[in-house]
Every structure is written in structure tokens, then in C-alpha cells.
Amino acid sequence: MSEILVLNCGSSSVKFALINPHTSQSLVTGLAENIATKNCKVVFKAEHKIEKYLENGSYKDVFEMLKDFLVENKHLEKIVAIGHRVVHGGQYFSKSVLINADSLEKIKACIALAPLHNPAHIEGIRFCQQIFPELPQVAVFDTAFHQTVPSYIAEYAIPYELTHKHNIRKYGAHGTSHKYVSEQAAKILTQQKANVIVAHLGNGCSITAVVDGKSIDTSMGLTPLDGLVMGTRSGCIDPSIFAYIISDNLGWSVTEITNMLNKQSGLLGICGHNDMREVSQLAAKGDSLAKLAIEIFSHRVAKFVASYMIYFNKLDALVFTGGIGENAANIRKNIISKLANLGFMIDHQKNSNSETFINSKNSHNIMVIATNEELMIAQETQNLI
């Protein structure tokens, strides 16, 4: 029985899963968090949950602990490849690829497009090359699914020479999730290919219009900063705000502004909390800024859904996924309430239960589908080896 090790490496965390790509069974899942701090913890979930602590544990320490776990539990001998989630593949990658010196250099070349993500992915790949040298590795790109977005949507209305010399265009993100969820929606609807709008709402948020199974538009742009309001990211703003802040009036540097827009904005910037569960609790207690954050968040989602309706002669479904999309019934309700004029109506009982279909009888289909990026990465990896 072959197994695929799936890795999602962040700046201070590593999420991992061991998956049988043929049966879709998840054999082991786990998370290492707070890497390189005194609170570094690694959690393994298989038949039992195991927690281990690595005070000031490094990335390398985490990978060595992971290898020890795989050896002790007789998994390493069954692993045939490692699949890595990579947020940004730029113009270089329209599909998943085997990792070699050339592809790794191209991933490095995309660091400026995903400065919060790609450096950590590269570090994870390098440690795997050291610790699992015999295993082939595959990069599965969040941007690949969006390579079908037509040029009149992907291009920005700035000087053409500039955009093409420096590969400035809409690349999107969360493509692995959008692809998986749109395919699952098609299966549930018993269609070969579906026409759906997928709203991936979590700490990072994006919306994609999928026509005949292909991405035709998506809310994230050159980088994962564009589009919806997110946990700590601003989403789309007037570009002149950047120039205003950097002016002599305020004197911020480009680095400071970029950090602010990526790490100090969104829900966190509005009300001081980036977790929608905490924001919702505060709003329920009457906190005015938490209420404002929810309204701004919900309005932005509804606005994108409304704008994407132009792509469909017949919409098969609006699909919610991601941590917020799958679990926050109050947020789904708030979003749908703003779309009543377009034929979206919610069944409050079904919504409260997070059923697969949460729409009322005379509405467009509204669905809740759990994403499974790890399984999609495992299957893409299996197909390449």
C-alpha cells in the first residue's frame, strides 16, 4: 500500500498528513507550531493523539521528529513521495511538477509574489531533501488552477510593457482548494463539470468563479493580498492609500506598509482580533468594532459573488468552504442576506446544521463542502511519480 506524505510549511508551523491516494484515507495528520520558540509543540493524530514538545525546536528538529515517528510506526517504508503545498508558482507553473534544481530555482524566483509563504515552502523542501533524500518530491501550486483565467481578466490596466516585462498579472491563490471543492460539488450535483462560485473563507479568503470546471475569475491577484477582507490581510484597497502612507506626511517604508497590509489589517486591523470565532463572540456581546468587522467582511464577499454572476447562464451552486465557510453559520447567513435580490435565500435550520445544501426551496443552490487540500495534493503527487 503506497502512501504520500503531504506537507504545508509555514513560517513558524508545519502541517502534515499521510494519505493513501488510492483510497483517499488519511492515515496520520499532524501539526508542528511555534517553531523556534520555547512553546514549540508537535501533535500527531493517528489511532491516538500524541503531543510532543521541542523547546526552541528548529525546522530541522521538527522534520527529524517526523521521520522518527514514521519509522517507529512503520510508515516510512510505505511512503513513495512527498507532496508540498506551494502558494505561488508565478508564470512558471500551470500544473504540479517534480521538484528538481530548476523547479526549485523558479519557486525561489516567486518569493516576492508570496513573501509570507514561499520562503517557508522552500525551507521545507530543502529539509526534506536532507532527511528523506531517497523520496521524490512534488510541488502542487495554489496558483496553477487559475492559469485558465482569460487575459482580459488577468491583465491589469497599467502600462503593457511593464506588466509583460515583470510578469505582473492576476495569479490567484487557494487553487488546490477551489479545484477540489468545485469537483466535489460536481459529483454531488451528479454533473461531469459544474458552474459554481466557490467561497474559500478562512484566515485567508478568496472567491473563484468556476465555469465548466475551469477557473475563469478569482479574487486574489498578483499576490494573496488582493480581494476579500481576511484575518490579517486588507484585501483590495485604493492603491493610492499606499502612496499616501509612504509620503512625507507619515514616512512609512515600503516594508512597513507591506507588513501592515499583510499582518496587521483585515479583521485584526478593524477590531483587534483575526479569529472570526472571537470576532463573532464579541459582536454578540455588542462590540461595535466587531460588528463593523463582520459587516465589512460579509459585504465584500457578497459583492464578489454578485459580480461573478455575470459569468453564468445558469449557476449550479454557490459553495462555502474553509474554516469560516464550513463552520460559521452566522457569517453565511449574513452574506446570503445581502444576495436576496439575486435569488439566494437561506434555510435557517439547514444552515445552523451546516448541511450540504443550506438554501431554501426557491433559491439557487447554496452548498457547504469541506475542503481537502491534502487529498488533492496527494493525488496530484501520485499522478506525477
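For all residues, glycine too, the Cβ spot is worked out from N, Cα and C.
Since we're looking at a predicted model, the values are computed, not measured.
In Swiss-Prot this protein carries:
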type     : residues                                                                          : note
BINDING  : N8, E373                                                                          : Mg(2+) binding site
BINDING  : K15, H200, L201, G202, N203, G204, D275, M276, R277, G323, I324, G325, E326, N327 : ATP binding site
BINDING  : R85                                                                               : substrate binding site
ACT_SITE : D142                                                                              : active site, proton donor/acceptor
SITE     : H174                                                                              : site 'Transition state stabilizer'
SITE     : R233                                                                              : site 'Transition state stabilizer'
Enumerate same-chain residues with a sequence separation of six or more from H174 (site 'Transition state stabilizer') and a Cβ-Cβ distance below 8 A; give 'none' if the list is empty. D142, H200, G204, S206, T208, M220
Using a 10 Å cut-off on Cβ-Cβ distances across all protein chains shown, tell me which of the binding-site residues (N8, N203) has the largest neighbour count. N8
Per DSSP (helix/strand/coil reduction), L201 (ATP binding site) sits in strand
Got a sec? Which of these binding-site residues, K15, R85, R277, has the most Cβ atoms within 10 Å? R85
List, in sequence order, the same-chain residues at least six positions removed whose CB sits under 8 Å from that of E326 (ATP binding site)? F320, S354, V368, I369, A370, T371
Helix, strand or coil at E326 (ATP binding site), per DSSP? helix
Tell me which of the recorded positions N8, R85, R233 ends up closest to K15 (ATP binding site) in space, Cα to Cα. N8
How many Å separate the Cα atoms of N8 (Mg(2+) binding site) and N203 (ATP binding site)? 15
Max Cα-Cα distance in Å among K15, H200, L201, G202, N203, G204, D275, M276, R277, G323, I324, G325, E326, N327, the residues listed as binding ATP? 21
Residue among binding-site residues L201, N203, D275, I324 with Cα closest to the Cα of R233 (site 'Transition state stabilizer'): N203
Indicate the candidate from D142, D275, E373 with the smallest number of other Cβ atoms within 10 Å of its Cβ, considering only these recorded positions. D275
Cα-to-Cα gap, D275 (ATP binding site) vs E373 (Mg(2+) binding site), nearest whole Å: 21
Hey, of R85, L201, N203, R277, which of those binding-site residues are within 10 Å of E373 (Mg(2+) binding site), Cα to Cα? R85
Please report the number of other Cβ atoms within 10 Å of the Cβ of R233 (site 'Transition state stabilizer'). 27
At the Cα level, what's the spacing in Å between N203 (ATP binding site) and R85 (substrate binding site), rounded? 17
